[in-house]
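Pulled from TrEMBL:
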- Cys326: active site, nucleophile (ACT_SITE)
- Cys203, Ala204, Ala205, Pro206, Gly207, Asn208, Lys209, Asp227, Asp254, Asp274: S-adenosyl-L-methionine binding site (BINDING)
- 60-87: coiled coil (COILED)
- 423-434: compositional bias 'Basic residues' (COMPBIAS)
- 95-392: domain 'SAM-dependent MTase RsmB/NOP-type' (DOMAIN)
- 403-434: region 'Disordered' (REGION)
Amino acid sequence: HARQLYALVAETLRYSPVLEALLDGAALLQAEKKLSPPVAKVLVYDLLFGKGLKCGGRWKVLARRHRARLEAELARLKVRRGVSRNEDLLAPAPGAGPGALQVPRYARVNTLKTCVDDVVDFFKRQGYSFLGKAGSMEELRALSGKKFLLDLHLPELLVFPPQTDFHDNQLYTSGHIILQDKASCLPAFLLSPAAGSHVIDACAAPGNKTSHLAAILKNKGQIFAFDLDTKRLATMNTMLMRAGVTSFKLAQQDFLTVDPCDPMYSKVTYILLDPSCSGSGMVNRLLLEEAAPSAERLQALAGFQRKVLSHALSFPAVQRLAYSTCSVHREENEDVVHAVLQEQSSSFRLVNVFPSWPCRGLATFAGAECCLRASPADTLTNGFFVAVLERCGEQAAVPSSLPAAAEESLQQGGRAEPGAAPPRKKRRKKQQVQ
């Protein structure tokens, strides 16, 4: 039953932009005030795209009451998009964002449970052809059929053709791989906390970045993860347990209300901050051609983001912080970082991370090129922004722009390129999937 539930939730998330359009068109949430959006999405997915409603009672009655309206809205959506099959709604509409068709399926190997070699071997046994490590973005763009590559930037990220579906795959349901966009992997990778560190994930749900932090920490140390939504935290807890994460504490709390001087956080030296944003970089939103947020909405978001970033930097022991958004708007990205740096210029500086990454921050202030950007067209990912800040002055640790894996490689005489895999070591068998 748990496996069926994971599959249902995963498919609902995959169809999320389509379901949002149907809910809006049918005005279902306006008609049913007590129905929450997540529950509504699951019901509509099961009703129109799944294997039929499995629930009973009032939920079944409610869904059937709106069935005709939802089916009519689905038909209209297909006409507008010029498609005939339900699954074709997942593909970009004509004129959708540039490069949207080319965004691959990324699978991060969960090193808490397995290793890259074992996952590659598993997929080979399933009939996939492994083409080795990618040498260019063009190789990722050209992927098709049952072929896959090791990413050219991130050492534990496998790349498959777009629309490849792993939600029923044993590796996914067992937590051996995490389905996570490449850009979303950057914050934890660039924060690069040392094993044994205490880390805060300030806005943690749904938990992919938290599980990535745990893998980098090798389940040593401690992760404090905050989110306000009870249901999101419950889902996140299940996901982290499935991924084999043990060194974490979840708290249903607004990060802005967390006391930086609380002794519990006295050893926190790393913070990952991925605050609420417009989500304007998400490919599924580009596909639905959503209207750009208003200037007032952007300013409100930016005000919150500046406040939460300043709060994060007030933790007395913090040495390094990764700030990220899935937004393409300058107001939420470079402008936020610049404003906070002007307040904190004597305490923190921008780190020039990942020099080989092709897209840099917009040149809106001196040093903005230290920030990273991502986009469907240029990096074959969702639209994204990352900035890494590091404490300067006498209290600072030895400054570095390299992730720990790259520094280890440098110490062993290997390449120092950020994102390069460390030298091959003797294979360590973990929970190998047969």
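Yeah, the Cβs are placed from backbone N, Cα and C, and that goes for glycine too.
All annotation found in TrEMBL is predicted automatically rather than curated by experts.
These figures come from a predicted structure and were not determined experimentally.
Feature map: annotations from TrEMBL on the structure.
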{"residue": "Cys203", "record": "S-adenosyl-L-methionine binding site", "contacts (Cβ under 8 Å, 6+ apart)": "Phe226, Asp227, Phe255, Leu273, Asp274, Pro275, Ser276, Val308"}
{"residue": "Ala205", "record": "S-adenosyl-L-methionine binding site", "contacts (Cβ under 8 Å, 6+ apart)": "Asp227, Asp229, Arg232, Leu233, Thr235, Met236"}
{"residue": "Gly207", "record": "S-adenosyl-L-methionine binding site", "contacts (Cβ under 8 Å, 6+ apart)": "Ala225, Thr235, Met236, Met239, Leu240"}
{"residue": "Lys209", "record": "S-adenosyl-L-methionine binding site", "contacts (Cβ under 8 Å, 6+ apart)": "Ser184, Pro187, Ala188, Asp201, Leu272, Asp274"}
{"residue": "Asp254", "record": "S-adenosyl-L-methionine binding site", "contacts (Cβ under 8 Å, 6+ apart)": "Phe226, Leu228"}
{"residue": "Cys326", "record": "active site, nucleophile", "contacts (Cβ under 8 Å, 6+ apart)": "Ala183, Ser184, Cys277, Gly279, Ser280, Gly281, Met282, Asn382, Gly383, Phe384"}
PLDDT averaged over every residue in the coiled coil (60-87): 75
On the Cα atoms of Cys203, Ala204, Ala205, Pro206, Gly207, Asn208, Lys209, Asp227, Asp254, Asp274, which are listed as binding S-adenosyl-L-methionine, what is the maximum pairwise distance in Å? 19
